[in-house]
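Structure, as structure tokens:
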Amino acid sequence: MERAEAYGFSGAMSGAFLLSCLLFAAVSRRQRGPYMDEVFHVPQAQAYCHGRFLQWDPMITTLPGLYLLSVGVVKPAAWLLGWTGSVVCSVGMLRFINLLFSAGNFYLLYLLLFKIHQKNKAVSGSQRILSALTLAAFPTLYFFTFLYYTDPGSVFFTLFSYLMCLYGNHKTSALLGFCGFMFRQTNIVWTVFCAGNVVAEKANEAWKIELQKKKDEKISSKKGSFSDLTRILQFLVEYLLSPKNLVTLTALTWPYIILVSLFFVFVFINGGIVVGDRSSHEACLHFPQLFYFLSFTVFFSFPHLLTPTKIRKFLLSLRKHPVQYSLVTVISLFLIWKFTYVHKYLLADNRHYTFYVWRKVFQRHELVKYLLVPFYIFAGWSFADTLKSKSIFWILIYFVCLLAVTVPQKLLEFRYFILPFLIYRLNIPFLSLYRQLLELAFYILVNAVTFYLFLNRTFQWENSDEVQRFMW
């Protein structure tokens, strides 16, 4: 990092943290008590603060990583600063943990952008800083910086694990992956993704050698026809079944293999992935979740995905391959018809934006969910088109992990899309400075509207005196 870039990054991070502190104070003044899921998380953390580690709220579905870390930070800080009484492990103090995670996420996002795009000399320091600032302000993640939720910590340990994986520190990466798993069980998918990164890199190297041997320039390791993809998949299966390659890959990925094995032991002993209240978190094959994720990604990455150039390219592709797109359309319609689920929380809780998205869009008419298929297909094509700089093996492992982390979820919840979105966004090419500024301005606008609604547009339910607020 050059000196000018270091000063620029320090200034951006300091300014963002100061602004977050001011916003944190505003949120804490307006909402002093626990809100939404905080009514479960805060008392559980406070129980740990008082040494009651055997106490557990059965409504909590995640492992105790957030509470253990909170006690590990707050207790020493209280001892050093001489805090006593109710201030120790208060709601505000516990929420402040996520403000620290937010700052850490900013730094990790910058380091990941630097590492992933280090070979691209055309990327300037200001572009990296601006992109890191934009992703740190990603609205769905940034909002939960100010509440005591698991999301900021979950993202922190997962991004840290990914960074260590890219630097080849796989034991450290697996350890951090375990920390991420302790925040949210589904983060085990991103441990598999880290192992898959290693496999993808080695497979891509072997594939290039294979191409050189055959001197077949028509086959590409990044994109091609269906027959090319079939040959690549055949090569991948043969590569993975080779005993020599298996030994090499196992030697590289054994820390991840151990962690994934421990995960399966946990699932066997626990009787499932979810701890606590399982009735509201049943796994199912909810394939339209992939379509919702693609729509979510287009919305938050429209400077990348929704451009006149991309629309023209898509229409040209549509004209060249009508049979393939017709087949994709039929499959999409079938998946929506047979695998659409509506969770009871989605219909009942009018505090979440997903409630209004579902009511205003999907519940307008039974045919709406089918009429959106052309948009889903464009979103999927545009999404894949932005990843064409990655190897086909990387794309395959990412797509498998994307399916694993979204499809089993019955509830439409935007928070579940945070990590797959960030991994995607980190790996696509940089935009022009103008489009980067447009993306940042859009995120700032969405955040401003979100916090305005949360702080000022309160309402009450008929059967409750509690103040209700709109949120993600």
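Each residue, glycine too, has its Cβ placed from N, Cα and C.
Here TrEMBL flags 6-27 (among others) as transmembrane segment.
What TrEMBL records for 65-84 (among others) is transmembrane segment.
If you look up TrEMBL, you'll see 96-117 (among others) marked as transmembrane segment. Note on the transmembrane segment (96-117): residues 1, 9, 13, 16-17, 20-21, 24, 66, 69-70, 73-74, 123, 128-129, 131-133, 135-136, 141-142, 144-149, 151-153, 155-156, 159-160, 162-163, 166-167, 422, 426-427, 429-430 of its chain, located 6 or more positions outside it, place their CB under 8 angstroms from a CB of the stretch.
Per TrEMBL, the feature transmembrane segment maps to 129-149 (among others).
Distant neighbours of the transmembrane segment (254-275): 60-63, 170-171, 173-175, 177-178, 181, 185-186, 188, 191-192, 194-195, 281, 283; these residues of the same chain sit at least 6 beyond its ends, with a Cβ under 8 Å from one of its Cβ atoms. Per TrEMBL, transmembrane segment is recorded for 254-275 (among others).
Long-range contacts of the transmembrane segment (287-305) within the same chain, counting only residues at least 6 positions beyond its ends with a Cβ under 8 Å from a Cβ of the stretch, are 138-140, 332, 335-336, 339-340, 369, 372, 375-376, 379-380, 382-383, 386, 402-403, 406-407, 409, 412, 414, 417, 420-421, 424-425, 428, 431, 435-436, 438-439, 442-443. Residues annotated as transmembrane segment in TrEMBL: 287-305 (among others).
Within the chain, the transmembrane segment (325-346) has long-range Cβ neighbours (under 8 A, six or more residues past its boundaries) at 280, 284-288, 291, 317-318, 352, 354-355, 358, 369-370, 373-374, 376-377, 410-412. According to TrEMBL, the transmembrane segment annotation covers 325-346 (among others).
The annotation transmembrane segment is assigned in TrEMBL to 367-384 (among others).
Sequence-distant contacts of the transmembrane segment (390-407) (same chain, at least 6 residues past either end, Cβ-Cβ under 8 Å): 186, 189-190, 192-193, 196-197, 199-201, 203-204, 207, 221-223, 229, 232, 236, 285-287, 289-290, 292-293, 384, 416-417, 419-420, 423-424, 427. TrEMBL lists 390-407 (among others) with the feature transmembrane segment.
Same-chain residues lying 6 or more positions outside the transmembrane segment (440-459) and placing a CB less than 8 Å from one of its CB atoms are 23, 26-27, 30, 130, 133-134, 137-139, 142-143, 300, 302-303, 467-472. As annotated by TrEMBL, transmembrane segment applies to 440-459 (among others).
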